[in-house]
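Over in TrEMBL, the protein carries these features:
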- 1-13: disulfide bond (DISULFID)
- 8-26: disulfide bond (DISULFID)
- 20-35: disulfide bond (DISULFID)
- 38-50: disulfide bond (DISULFID)
- 45-63: disulfide bond (DISULFID)
- 57-72: disulfide bond (DISULFID)
- 73-175: domain 'SRCR' (DOMAIN)
- 192-433: domain 'Peptidase S1' (DOMAIN)
């Protein structure tokens, strides 16, 4: 480890600036030990703020960024598109998951509230079980009460179990996991090329593709379900041996390996049949089937697929994220943390006109985003990552584009080129269904073209 690094997990070296910054980057948590003037009974919030252990997961935000109220609830059996199981809350005093007390449980309010906190839209089943008597009371919910997220949640006194010897637990079944909604609503104060640093959990659908025994990062990807990752076809290249590839999910800092990170191998890769990397990257899209489904949490949840063609709405401001290089050139290193850049959608006709001077044809399956003057852009290493746009009506993010190619980085009148995902919704639906893990999707159109390009991924897999 160099003089400006910090060794943790015995094998990893992280930047010293990550030590005592309030984020767990090491699996052994050593980067957040002995920080500030906190006592052994206190929790470090970062920025020299200490809170009492009892204040963790009490339903009240005590840390400036609310991290004391993250990952406080879970359903023991399953946390996927459907969540079910015994409701448990994290006890910071015992460092254990404890059964939430179901005494005086108002299922029309509390069950829905718990599901909403876990990322689902509603509860469809509640079972209250007196574990001391092994009796069982089941209630199927007919009503769908609207829940107001105003007052602190109910588990402040419930995460220590029931009183008076009662052992009443709550079994929930939650449905309609809400895509495109991060659990962390960070203020966009931190400002790829010309980009701002993102906070952990802010973009929980971004994944990193690593290759080889040294796990070299080479491309980004986008989680669209428990089983599927969307990426760029040129990231796959002609690779057929996938056993050496590792997918890291729930990761914001590339060199970190906190407990929130989930690791998977790839069991199948499907490139679009009209993609041909010898030509310009038309139809530059691929699906990766994970070898094992993932569990959703604050740091890992899926993005929505598009229901509109964002190309029909030029000037819409969207966001591109990734670990790409902050400048053009082979000597530039990939960023250690996810960065984000806001870029407007560019009229397709205008974009095609600009690229015509380079003798390049912009296919209709491509999407252009960036600034006429350049300056801000996605760059090498961000291939396969998402161009995200906001659905204002649902307050959720959808993946409008997959980072595909460009000429150098942030050049005037040469905006970044993305695969226009909405045109491939039907293909995504057909492929995912054929493997038995189908998604809900909408309509698409296809087009393809050919010419020269400059791609944005690490070339050595």
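Don't overthink the numbers, they just go from 1 along the chain as shown.
Cβ coordinates are placed from backbone N, Cα and C, and glycine is handled just like the others.
Structural mapping of features recorded in TrEMBL.
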residue : record         : Cβ neighbours (10 Å)
1       : disulfide bond : 11
8       : disulfide bond : 23
13      : disulfide bond : 14
26      : disulfide bond : 22
35      : disulfide bond : 16
38      : disulfide bond : 17
45      : disulfide bond : 21
57      : disulfide bond : 21
63      : disulfide bond : 20
72      : disulfide bond : 22
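A straight line from the CA of residue 35 (disulfide bond) to the CA of residue 26 (disulfide bond) spans 15 Å. Around the Cβ of residue 50 (disulfide bond), a 10 Å sphere holds 17 further Cβ atoms from the protein chains shown. In this structure the alpha carbons, written CA, of residue 57 (disulfide bond) and residue 26 (disulfide bond) are 22 Å apart. Mean model confidence of the domain 'Peptidase S1' (192-433) amounts to 83 (pLDDT, 0 to 100 scale).
The Cβ of residue 20 (disulfide bond) has 18 neighbouring Cβ atoms from other residues within 10 Å, across all protein chains displayed. Taking the Cα of residue 50 (disulfide bond) as the reference point, the closest of the disulfide-bonded residues 26, 63, 72 is 63. Proximity note: of the listed disulfide-bonded residues (1, 26, 38), none has a CA within 10 Å of the CA of residue 20 (disulfide bond).
Looking at residue 8 (disulfide bond) and residue 63 (disulfide bond), their Cα atoms lie 25 Å from each other. Here residue 38 (disulfide bond) is compared against the disulfide-bonded residues 13, 45, 63, and the shortest C-alpha distance is to 45.
Calculated from their C-alpha atoms, the gap between residue 63 (disulfide bond) and residue 72 (disulfide bond) amounts to 14 Å. Residue pair residue 72 (disulfide bond) / residue 1 (disulfide bond) shows a Cα separation of 34 Å. In this structure the C-alpha atoms belonging to residue 45 (disulfide bond) and residue 26 (disulfide bond) are separated by 16 Å.
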